[in-house]
Amino acid sequence: MDMNMEARVGVVLEGGQRALNSASTHGSIMDAGARKFLQQHNNKQSQQHSQLGTVQQLVAGGIAGAFSKTCTAPLARLTILFQVQGMHSDVTALSKASIWQEASRVINEEGFRAFWKGNLVTIAHRLPYSSVSFYAYERYKSFLQPVLGVENHRVNGTADLAVHFIGGGMAGITAASATYPLDLVRTRIAAQRNTMYYRGIWHAFHTICREEGFLGLYKGLGATLIGVGPSIAISFSVYESLRSFWHSKRPSDSTIMVSLACGSLSGIASSTATFPLDLVRRRMQLEGAGGRARVYTSGLFGTFAHIIHTEGFRGMYRGILPEYYKVVPSVGIVFMTYETLKMLLSRIPAS
């Protein structure tokens, strides 16, 4: 999964929830920020006897995330296809295809439906990731608040922010570790072109365990875990800085629109900073796939060095453009879908 998306959409939902007194909780798409608002929202809504239950919040967040991922799946697959170029090809012979040329190749060679290769795994990843990260964040937060002396959010904003940074990062690491095999399988299925070595989710799990052992399902986990903290920290810090600056200059602007704009910009900043780690993660996930020989044998940092040596620094940013293009629609779709589902679910009387 796109781990950056979690923090990215989380901060947007955070701002939006403040505006609407609403909550959010998306896994790859609703991370620490969303959960923070969720608690704030629950406190307010409990006074109004209209809060959503935890299960409803998770369902709404999971559906919103799955819908957003499905809508932007073509761009996500293009990102993966560009990221893994150069693994088994002569770098000097790599085609400098544009996004549109690669999209045309996919349609002509694989068919239009191929844009959604691996999307079923993405959807299957959604709810467990959301659930684990939601509950882990609540547990970490309850532990960190007394440790950092956060008794009143309004009194100590710095300590409160530290709780969300640290708690969000730890929750992200916990959820990423727990659901990582699904992320790896998604990458392997999405990276397939004309030859279908893995015929589905269960076939991929079985084949990987048989050929590479159980630990084969965790290739690239180190790069993933290293990227979780910076992604959340950058998303939060850029989002909060932009939102504060915007409100200081234009206090009358719509809070929702400010949240969406700042969330999108923070997502772009986060993606830019952590994209090399994401590219390395994808390539390490594909090591040994389909019985092919390993390319990178010197660990995480050795892989970085190998890519820079053979492909140059620009090689670390293969696929960054489709990643940029999906930020704004991802943020907007998940926010509006979540709000719609929240309204519908709030009308269902609690049993």
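Every residue, even glycine, has its Cβ placed from backbone N, Cα and C.
Note that TrEMBL annotation is computational and uncurated.
According to TrEMBL, the repeat 'Solcar' annotation covers 52-143, 159-245, 254-344.
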Integer average pLDDT (0 to 100) for the repeat 'Solcar' (159-245): 90
Residue distribution over DSSP helix, strand and coil in the repeat 'Solcar' (159-245): 74 helix, 0 strand, 13 coil
Residue distribution over DSSP helix, strand and coil in the repeat 'Solcar' (254-344): 77 helix, 0 strand, 14 coil
